[in-house]
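Pulled from Swiss-Prot:
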BINDING   16, 17, 268, 316, 320, 417  ATP binding site
BINDING   16, 86, 87, 138, 246  sn-glycerol 3-phosphate binding site
BINDING   16, 20, 268, 316, 417, 421  ADP binding site
BINDING   86, 87, 138, 246, 247  glycerol binding site
């Protein structure tokens, strides 16, 4: 046994609904984890906020809890990888470390009117050309504009003392004791102010959104050295060697390292991301062009991987809505058995627009709806129609990716809590007409962050783990493969 077998990498997965710390060993196995649920705040219709101090407190707590649970010594943790919910952003005071306003969450729609004004002023094409993003309230740029407007109205705030950032920047700043204000290319590419070609903050867009360049974090490669943790957290300094947006981390974990490979994470929303290689692919179907990840080579050159993404704002949250607001199910897991209890949706169809519609429609004003209601409809039909809507929503995006990308999608790799639902996964395979592969490890976001951090410090064994677990055509460690019904019946996909 080598010294590396007594070493561990910690993944910090700071998501929309909760924050986790997971420890991985040298073989890529999970040896322990801790989790804290995150409070959601809805101060007005269409507004969604998080308490940034709660995010940091919980991050620190889960780091300490996972060490205590596993009895691993902090000095055995040789690297940390960080992955976060994207687009969510905030401002904070760099002297006191206090947030100036609750973090505005990616689902928040308060800037939809401002987006409409920019659309009317003719900025849609220019923003897409510079950033690869659709002009929408989803992204950080308009949120930061709103926050800065709010700051101007507060006489108690010193504008010269501001720092801005997405959740990775906020977490990194706190992890390093306020010493490091940086972000990585994957998170920066979701702000709507990063130039997708030059990979630096775009001065024209900063001016458009009235964001001072000096308050923005420094941008660096996803796999690189981001500093060390404050020893007050775990008693030792631990290097932070990888940062990803959550969906890019999942893509990395699935080994989707070349064009034609696609993953879908079913969480609060559903996010389909396809690697498009080292050049930007521009979509003709309103998909997002984004940075997958970046890393520096030994000769100091930068390797960049780009992706096409279809973001769907509601997926697992639709099931939560059935549970929490309508009371149709007692748990998310109960949706599967209830959907199977009927042979069809009974003619009921659901429009999954509880937070507007994302790709490929990008309709900020769309609302959800049940269609086809009759006296014979039961709650089972309603639940089944919601699960089917998630699958058909994903099909729209896959069809758009196939039209935009020269490499056709042959299979879908999945992760996230909602993909535990076998009915949903089988429905997904049926409507796509391609196999759906669900790995044994569903924590792909955390796994991607940990693997990236480990590989950066020379844990080459993890590269072998990539190919054993996720390599195209390999299912040795796949928990379950869902085949379309027509393949099960002996009909090829091409037919």
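In case you wondered, yes, glycine gets a Cβ from its N, Cα and C as well.
Cα separation, residue 246 (sn-glycerol 3-phosphate binding site) to residue 16 (ATP binding site), rounded: 10 Å. Each of the binding-site residues 316, 417 was ranked by the number of other C-beta atoms within 10 Å, and first place falls to 316. In this structure, the C-alpha atom of residue 17 (ATP binding site) lies 15 angstrom from that of residue 247 (glycerol binding site). If you check the binding-site residues 86, 87, 247, 421 against residue 16 (ATP binding site), the ones with a Cα inside 10 Å of its Cα are 86. For residue 316 (ATP binding site), the nearest of the binding-site residues by C-alpha distance turns out to be 421; the candidates were 20, 138, 247, 421. By neighbour count, meaning other C-beta atoms within 10 Å, the densest spot among the binding-site residues 247, 268, 320, 421 is 247. Under DSSP, residue 138 (sn-glycerol 3-phosphate binding site) is assigned to coil, being neither helix nor strand in the three-state scheme. In terms of Cα distance, the binding-site residues that sit within 10 Å of residue 86 (sn-glycerol 3-phosphate binding site) are 247, chosen from 247, 268, 320.
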